[in-house]
Each structure stands twice: as C-alpha cells, then as structure tokens.
C-alpha cells in the first residue's frame, strides 16, 4: 500500500495541466499547483509510515529476539549445566556410599574430598541456575514491556502526524475548494456562450477568409420598386467587414442601361421576418448612401446566416418592443427601467437566495418588457406590486442590459479591460480598471455606477442570499461586457470579464470615490518572456506544530540538574515532563512544577526528572554497566537490549525539509542529523524511572563514576 501511494505521489508530482489561452486566472494557478502540494503531503505521510515500519523491527522485534537469545538462552545453558553437575554429583555420591569402610584411611579421605568438590560444584551450579531464573523473571518485567512501549510511541507519533497534517490541510482545502468553485462557475458561464456559438457554426457552412479578399462575396437578389411594381434584380456582392463597405455589381444589365456598380457603407443589418414578405431567405440593410431599407434575398437559409454573421446582423425581437435603434441605447426610459428594477430588488429581494442567479419565466419577462417599453406610456409599470416576482424583475434587467446595441462597458474598452484583468500584478489590475472606468462615456459610467452600487448591496447580504462578488461577476460579466465578434477566443476571455466585474464590486468605494490622479491607464508592464506564474496558495509554509518530546531536557538543563542532585540521584526541584500527543505548544518547564500525571501511591509527585532517566539510559548504552554486573549493595544491574538505539533508523532518517523545519530556532524537538562517528541518540520513551528516595537507593557504582555522567551529558544533543 505504501509503495502504491508513493508511486501515486510521484505521478502527481510530475503531472502537468494544459490550459487554453495565454493567461491563467489566480484560481487556475492554484488548481495547477495543487497536485504538487498533494504529492508533498503524501510523501511526508509515507516517510513517517516507513519510519514506523522500521521502528517495528528496530524497537520491537530485534530487542525481543535479543532478550530471548541472550537471557533465556543463557538460562537454558545454566539449566543444562545444573542438570549435568547434579547427575554427576549424585552418581558419585552413590558410589561413595558403597565404599567399604575397610579401605585405607587415605583412600577414604580422597573419596571424601572428591565428593565435597562435586558437592561444591553442584551447589554452585544450582545457585547460578536459580539466580539466573530469578534474574530473567525480574528483568522480563521491563525488558519485554519497554520495546512494546517504544513501538507504541512510534505508532502514535505517526498517527499524531496525520492528525496535525489534517489540521494544517483544512485551510488549504477551503481555499482550494473556493478556487474550484470559482473555476466551475466561470466554466458554466463560458460553456453557455460556447454552445450557442457552436450551434451557429454547425448551422452555417464554414468559410475561410483569405488575406486581401472580401469578408464574404456571392450572389444576392435585391428588391427594387418601380412605378409599375416590384422586381428582383440579381447582384454579385462583395462585403468588407472592417470598412463596412458593400460593393454590388448588377448581373442582368440590359444593353444601353446606365446602371453600374454600387459602393455602399453599411449601417445595420436585420433578418426579415418570415411573415412580413412572400420571399424566403430575406434580410434588410441600411446604408449611409440610401434612405430607407434595402431588402436582399440570399440563395439559401445557410447563405443568409453567413451574410448576416459577416454584417453583424441582428435577429428581430418578436416579443419585446425594444426593436428600434434609439430604444436600444442608454436613454431616459432605460435608466428609469433600471432604477425601478433595482429599487424593487432592494426592497423585497435582498435576502432572496440565489437572487439574479435564478431565472424567471420567459413569458413573464417578455410581458414586463412589453408593458414597460410600450411607446404609448413608457415606464408606466409598478414593479413594487405583487404582479411581478423577483425572478421576473432580475431576468428582465439582465435581458435589457444584454440586448443593448453596445454593452455598458463599450466595445472600445473591452480589450483593455480584459488585458488589465489578465495582469499578474494585483495593484496594476485595480489601477488600470480604475482608470478605464473614467474613460467610459458619461451615460455608460453613470449606468455602471448605478449597477455596481446595487451589486455591492446584494453582496453585503451574501450570508442570506449566498451571492458573493465572485458569483455576481459570473452573472454580470457577460452582461456588462461583450466582445464585438463572437469567436472561441472571445468566449475564453469571459472568465476575465467576470474578474473585471468582481474587482468593481470589491473596490467600489475606491473606484467611484473619484478619478485617478492620471486619467490614463498605468503603463503596461513589460512583456513576459516565460509564462505567467502567480504564487499559488500552499501548505508547505504552514505554521509549525511541535511534536511530542519525551526527553525535554537540554544540555544546560542536564548540567543544572546535575548540580542540584541529591545523594539518591533525584533532583531537588521537580520538572514538569511533557506528555506525548499534545497538539498545542508544550508549556515550558517551571521551577517546582509537578507533573500531575506522575504521582506516587502516597500522593506525592515523583521527584526524578526525565533528564536523569535519559542520562541513566545513555550510560547503560555506553557500556558503563555490563549485563549481570553487581553493584556494591548486591543489586544486579542488567542492561536491557531494548535500550540499545537503532543506528540504522537514525542513519536513514532524512534531514528536515528546509521549507518546514530548516529555519533557525524553529521546531527544536526534531532530532538533528548526526555526523559519522557520533554516538546514536535515544529515539524512544525512557524506561520507568527509578524508585523515589524512600525506596531503594541508586547503586553506589553509578555515583562513583562522575566522568561517565559528565561525558554522557556532553555527548547528548541539545534536544532529543
């Protein structure tokens, strides 16, 4: 399992996202870098897991096997010797009892000496065997439990790390989820526009414009009115979109006719309603050179779509009276309609969940627009009445803004606004958009201020209506900004239109407090050689958490404790011992502090600090006391195999990552990598502390070797 996770982590580390377009949003950058963050987390977890597995061998299995071989095996050898010596003694004793008393005195004395010698050997073997049994039974109490305790410490340290990583991961997860949601919202709004564009492209044959050639050319029939009636004349037409020039060459010229090629400048193009003329595939154009409309007939429905697309043709609006050019502008009626909609929404819809996101009935929307824009009594509609619900009002407002002949933020400034949103410099974004807002025409800037102020009021109630500035940007980005040409590239910039509106909402106070000092946009940053890269959100610089420290005493503390020792080896002042698995910062040792977790049966705190235990363990490791050696008071001191540190574990443990633990003064509880030749460091919790002063004293031999104690303290690292 661990191997599979590590391979998965390597895959995440090497995975690269491909993005369409030349610039990424901040949210997309966070998403692109997320797999590397995931890989680092998985690697850290698996590193600790591998150390835990290594500890299972070094701290649990090997010590127990060593105890079985060295202690129990030695006891079995003593048993064999005891049985052999006993058999030898009793067999000799039987022979000795059968000796005749008539033998010489010298022979009998020699036989008695041999029996006494064998009896002495037998007594010595039996004593050593019984003593060895007692020693194994007594040392088993700590030599077997201690390795299990050390392994449990390793296991819980690993589990504690996963808990800490989870806590560190939560804020990153929330930020990444917000980036994912924003990106999903941008995708949804862009997909709707792309599907509409794809549908139009499927219905019309694809054409390719060659450099220097007209945008579109082909045959069209023109309706011409004569005194005797109406006739349809065939023309070969060539249209250049950039200059909006239409060149019409008649194909049915009669001899002597003076009619020649017509060069016209296009003003507008609208598809002709089917029920308004008896011909199919017709559309109307207006030109500067001719008054009135010119009706043209294409060769097919697909051909008409191509001509209308090239001429930026509009569809006739059946249900709404907003059809005349002057009514599609930001006029007085339009401002009145927007103000009434805003007042209605802020009066009874500020806390409505999903306001502006929920779409109203299309029939009701058209009914409201027809009533409000009625030429006979425009604006004579009471939106505060119960006849119109919030969804209908908000959908009508969006419909009006999207069907203006030119968007509120104008075609002219569209490219500059998008480029400002693409900037990686957040200050430049705000400054450029601030300056561009004051380049809008007065009516457009007034309408934009009216709308953005309303959206700010909506977002102030986001707890109730769940509409944040980002959500509002997704809704009003395509409504207030539109590219003049519908292309896939323009559709991919919708997410940056959304960012422009989001910035206007978030910085409304600053932008509309007045024009910038210089009304021109800030200088454009120099072009980037490499792809733009924001600094993504990350957890590699997360706040550090202290791990459990079992040997909390440093060299200085050990020296101070050494000066304050009592004759029995305990400290005159108690030291608070940190407990394992604490997630908060451990309290600093305080003079006279008692560990509430270590209290003797009499109710008094254990006076022996952890530092003394650590020094005792280190001395045992250094070989100061050999297995089976006796102290002056006759107590046998046995060095447990479990006390031997794992040099393999320490050598394989990598140095801390610079991004997490490498800074000076941080995370002092982590073992520092030792150089070659240094003595290994204790990597597990200490054995049970010696008894308090009221019980057994420390063996005198340990007290008689101050050089070992001092050497051990100097060789111990500052923190273990």
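Our numbering is plain: 1 for the first residue shown, then up by one each step along the chain.
Cβ coordinates are placed from backbone N, Cα and C, and glycine is handled just like the others.
Since we're looking at a predicted model, the values are computed, not measured.
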Among 493-515, 516-538, TrEMBL marks as region 'Disordered' the stretch 516-538
Of 381-438, 555-612, the range TrEMBL tags as region 'Disordered' is 555-612
Taking DSSP helix as H, G and I and strand as E and B, the domain 'PH' (213-316) has 13 helix, 51 strand, 40 coil
